[in-house]
Amino acid sequence: IYNACQFPVWPAWIPNAGVAQIAPGGAKLQPYESIHLLAPWGWSGRFWGRTDCSSSIAAINSCNTANNHTMNTMIDCETGDRNGELGCSSPGLPPATLVEFTPLRDPHALLDHYDVSLVDGYNLPVRVIPSSSSCKSAGCSASAADLLARCPPELAIRRSGGDAGVIACKSPCLAFKEDRYCCTGEYGSARKCRPSPYSRCFKRSCPDAYSYAFDSLDSGFACPSGAEYTIVFCPRSYGHGSSEGSRSW
């Protein structure tokens, strides 16, 4: 996971049901800093980035040992936060750009399916870059400033306090809670739930990402299992900054 943004990002990740967590479940990355994670064969789960976080040390019940009272790093983030912990097992609150990995079996091989999703809204441009040149990248290439500037005003979440800048963009489903945007109720099929002006706006910003629940199948990608992947926040700056260090788990 590489932070090519010019500001810190707090990546987090959780496994799907029945899949083991990759410790520690979250980290802080300074600009141009990276971490390396080793996922077991067939791992599935999601990643996202949290922004504008402040941290403190507090005595809490640890996520992984619910009955143990322990000291832990608490964070309070403007976007992508939920339980206030640096690494835990709860998904972040939307809107946040999601990276999703799921193993797939075809008749001949085990594949990794991966995608970047704006279905619940977004907060950062993210790109998934496979190590194999035969596999395609997924996600966004816009800068963070450009991506947030394209958010329709009625979907925009603005920074608390004096600075009214846009920090995240809600999905129309999250903003309006209507079946036609959420692809639920009578709109719960690909035939009935069609792209909206909002999802088209998302798609123009991130052509290689899912913009709504029934977006085209070519918004997701597959690569033979065993490949390595780089998840890049603010990919437009990827390769233009000097590396500030790396950690591994």
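Cβ atoms are placed via backbone N, Cα and C, with glycine included.
When secondary structure is read from DSSP and collapsed to three states, Cys5 (disulfide bond) falls in the coil class. Residues annotated as disulfide bond in TrEMBL: Cys5-Cys234 (among others).
If you look up TrEMBL, you'll see Cys53-Cys77 (among others) marked as disulfide bond. The C-beta environment of Cys77 (disulfide bond), restricted to residues of the same chain at least 6 apart in sequence and closer than 8 Å, consists of Trp10, Arg50, Thr51, Asp52, Cys53. Reduced to three states, the DSSP call for Cys77 (disulfide bond) is strand.
For Cys135 (disulfide bond), the same-chain residues 6+ apart in sequence whose C-beta sits under 8 angstroms from its C-beta are Phe221, Ala222, Cys223, Pro224, Ala227. Annotated disulfide bond per TrEMBL: Cys135-Cys223 (among others), in sequence order.
Non-local contacts of Cys206 (disulfide bond) by the CB criterion (under 8 A, 6+ apart in sequence, same chain) comprise Val116, Leu118, Tyr122, Pro125, Gly139, Cys140, Ser141, Ala142, Leu147. Under the heading disulfide bond, TrEMBL lists Cys140-Cys206 (among others).
For Cys169 (disulfide bond), the same-chain residues that are 6 or more apart in sequence and have a Cβ closer than 8 Å to its Cβ are Pro95, Gly121, Tyr122, Asn123, Leu147, Leu148, Cys151, Pro152, Leu155, Ala156, Ile157. Per TrEMBL, disulfide bond is recorded for Cys151-Cys169 (among others).
Under the DSSP three-state reduction, Cys182 (disulfide bond) is assigned to helix. Around Cys182 (disulfide bond), taking its Cβ as the centre, 19 other Cβ atoms fall within 10 Å, counting all chains. Taken from TrEMBL, the feature disulfide bond applies to Cys173-Cys182 (among others).
Neighbour list (Cys183 (disulfide bond), Cβ cut-off 8 Å, at least 6 residues apart, same chain): Cys173, Ser189, Lys192, Cys193, Tyr212, Ala213, Phe214. The annotation disulfide bond is assigned in TrEMBL to Cys183-Cys193 (among others).
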Distance from Cys182 (disulfide bond) back to Cys234 (disulfide bond), taken between C-alpha atoms, in Å: 27
Cys173 (disulfide bond): secondary structure state under DSSP, collapsed to three categories: helix
